[in-house]
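What Swiss-Prot records for this protein:
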BINDING   H47, D58, A59, G60, G61, M62, N63, K116, Y149, T173, R193  1D-myo-inositol 3-phosphate binding site
BINDING   Q53, P54, G61, R267, K272, V339, E361, E369  UDP-N-acetyl-alpha-D-glucosamine binding site
BINDING   A351, T375  Mg(2+) binding site
REGION    1-29  region 'Disordered'
Amino acid sequence: MRADRPGHRSRGINPGPGMFTLVGPDERDDPEVAVDPIRRVAMISLHTSPLDQPGTGDAGGMNVYVIELSKRLAAQGIAVDIFTRATTSAVEPLVEAYDGVQVRHIHAGPFEGLTKAELPGQLCVFAREVLRAEAAQPVGHYDVVHSHYWLSGQVGALARDRWGVPLVHSMHTMAKVKNDALAEGDTPEPAARIIGEEQVVEAADMLVANTDIEAKQLVNMYDADPSRVEVVHPGVDLGVFRPQDRSTARARLGLPEDAAVLLFAGRIQPLKAPDVLLRAVAELLAQTPELRSRLVVPIVGGPSGSGLEHPESLAQLASELGLDGAGGTGPVVRFVPPVSQEELARWCAAATLVAVPSYNESFGLVAAEAQATGTPVVAAAVGGLTTVVRDGRSGLLVDTHDPRDWADALRRVVENDAFRDRLAAGALEQARLFSWEHTARQTLDVYRRARAEIREAV
């Protein structure tokens, strides 16, 4: 790492007021001293709490990532403090989420009414409160800052310079990538976000990418230094997402034993493309009308932001496509509010397949979780989904978002039990590649490397 890289202040050299050196003078003079162990990590997840229900508001895969990584780090003896913005007065300022994992709810702006697009106006207040929380602790309280999403990265960069510790950053999503793959009618990410992301990429000591594809995007689209980018795959809680008896799962969920269940699970937003699935189902039924009597399409999740239980536009589309049962044939589409991880695992196990038609995914956690239950995935051949799903082995990848192509892929799985069984076996095999324990070990290696390179820089 170059200590003189713009935006990176050398450690242990002329610290400003209130800063402390990561390495004391005596230690710097002793080449035998090894890098101190990582004892405590400050996780920053400004815009969404890891305690929120995934599938609601802005809560999704990132929430699962932050809390699961934190739990696994704590299991290795590393204390984790997660800083997030309070969105209700009902939560305590400090919550002991798990042994070794604390969630600190920071008051920054009103509890309700702020959209994610309005949160940059609260960065200053949020950052101030994070710095105050650290200032109340002994000097050197945190060894690493790990920020998630660009808003958190802005705060993390300030904490990095103030505390004299390395900043590790995970993008999770990137504006330039999203804008290159916009759904029809979706709103482009603003220039302010792009600028903010570029600043975070420049400020971070290490960048964690979910896949090789994301790593290349960081280098090619954001001019990230390749030597500062490490690929660490997210994991799956294999204790929760595991094979279950399908008949039992269906009985618990009120699904017919002989149903063809095409599950969509996630936030209902243009990027996730649930409309593509509905149009594909309509195409499938037009070509194979005899499927209607046993076809069930659960849409499990809620819209981004506050929203309704199911957005009117998607419900209207289901009606227009004749999938709502208004004609007396019974509803094909069922809207299901967001569910717990345990309940989601049951839905995945009950499904014939899980559909992930997103226009982009940095990883595609729900696809990995579905495979861990032994359920094949039909996914768009975009972003991290091409890493998670092995085409023809654990599921099918669809190169387009054309409903006809999607209908063909759905039909291949629904109508061929032997093929589906082969995919199910491959899904279980593929799922073994992803565990949160492995993610935590690799992430800890990134933390250690960031600390070691800061020592070299000073």
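Every residue gets a Cβ built from N, Cα and C, even glycine.
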Query raised in the report: If you measure C-alpha to C-alpha, which of H47, G61, N63, R193, A351 (binding-site residues) come within 10 angstroms of K272 (UDP-N-acetyl-alpha-D-glucosamine binding site)?
Result: none
Requested in this report: Work through the binding-site residues one by one (V339, A351, E361, E369) and name whichever has its CA nearest to the CA of R193 (1D-myo-inositol 3-phosphate binding site).
Outcome: E361
Report summary line: Candidates H47, N63, A351, T375 (binding-site residues); nearest Cα to E361 (UDP-N-acetyl-alpha-D-glucosamine binding site) turns out to be N63
**Report entry** binding-site residues compared (N63, T375) - the one with the fewest other Cβ atoms within 10 Å
**Finding:** N63
Report task. Tally every other Cβ atom lying within 10 Å of the Cβ atom of K272 (UDP-N-acetyl-alpha-D-glucosamine binding site). Result -> 24
Query raised in the report: CB neighbours of E369 (UDP-N-acetyl-alpha-D-glucosamine binding site) within 10 A?
Result: 28
Requested in this report: Rounded to the nearest Å, what's the C-alpha distance separating T375 (Mg(2+) binding site) and E369 (UDP-N-acetyl-alpha-D-glucosamine binding site)? Just drop the number here, would you?
Outcome: 9
Query raised in the report: Where does Y149 (1D-myo-inositol 3-phosphate binding site) sit in the DSSP three-state scheme?
Result: helix
Query raised in the report: Over all shown protein chains, what is the count of other CB atoms within 10 A of the CB belonging to H47 (1D-myo-inositol 3-phosphate binding site)?
Result: 22
Report task. Determine, to the nearest whole angstrom, how far the Cα atom of G61 (1D-myo-inositol 3-phosphate binding site) is from the Cα atom of R267 (UDP-N-acetyl-alpha-D-glucosamine binding site). Result -> 10
Query raised in the report: Measuring Cα to Cα, how many angstrom lie between A351 (Mg(2+) binding site) and N63 (1D-myo-inositol 3-phosphate binding site)?
Result: 24
Report task. Count the Cβ atoms, other than its own, that fall within 10 Å of the Cβ of R193 (1D-myo-inositol 3-phosphate binding site), considering every protein chain shown. Result -> 21
